[in-house]
Amino acid sequence: MLRIYVDAATKGNPGESGGGIVYLTDQSRQQLHVPLGIVSNHEAEFKVLIEALKKAIANEDNQQTVLLHSDSKIVVQTIEKNYAKNEKYQPYLAEYQQLEKNFPLLLIEWLPESQNKAADMLARQALQKFYPNKK
């Protein structure tokens with residue numbers, strides 16, 4: 001089983017956003033920083049999740065059960081209910097649904113921020129890496 005932990009950080013809302021992704025199996029751990037552009041905090045959470053799935057597919061890690069972990073209740077509830085109340089999130093849900101077809105079993109689980117510290121740290125580092133303060 002592959003566990004994927006994701007989190008996003010945003011400067012402003014909307015603002016420059018970065019994501020952190022942790023891929024965890026029994027044999028390995030991989031950590032990534034990803035730029036997410038200028039989006040709202042909730043959109044950043046959707047975008048980092050989608051990036052995590054795209055990278056899993058590109059690395060051929062999609063031939064196993066995948067458990068996604070996010071501390072964003074909006075993202076998790078949208079995916080679990082298969083419905084985006086906010087129109088802004090509908091394209092993200094549609095993209096998730098397309099990516100989901102590439103996995104034999106893809107599950108998502110909400111977890112508290114206190115249990116997602118590695119992805120949170122990577123997201124904050126991504127902000128510094130991709131959007132350094134301009135002087």
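Just so it is clear, glycine is given a Cβ too, placed from its N, Cα and C backbone atoms.
The domain 'RNase H type-1' feature in Swiss-Prot is assigned to 1-128; the stated evidence is sequence analysis.
In the three-state DSSP classification, D7 (Mg(2+) 1 binding site) falls within a strand. In the shown protein chains, 28 other C-beta atoms lie within 10 A of the C-beta of D7 (Mg(2+) 1 binding site). For D7, E45, D71, the entry in Swiss-Prot reads Mg(2+) 1 binding site.
For D7, D120, the entry in Swiss-Prot reads Mg(2+) 2 binding site, with the evidence type similarity to another entry. Under the three-state DSSP scheme, D120 (Mg(2+) 2 binding site) falls in the helix class.
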Count the Cβ atoms, other than its own, that fall within 10 Å of the Cβ of D71 (Mg(2+) 1 binding site), considering every protein chain shown. 21
Do any residues at least six apart in sequence from D120 (Mg(2+) 2 binding site), in the same chain, have a Cβ closer than 8 Å to its Cβ, and if so which, in order? D7, A9, G20, D71, E113
So what sits near E45 (Mg(2+) 1 binding site) in its own chain, CB-to-CB under 8 Å and at least six residues off in sequence? V6, D7, A8, S70, S72, I74, V75
Please average pLDDT over the domain 'RNase H type-1' (1-128) for the predicted structure. 97
Helix, strand and coil residue totals from DSSP for the domain 'RNase H type-1' (1-128) stand at 56 helix, 42 strand, 30 coil
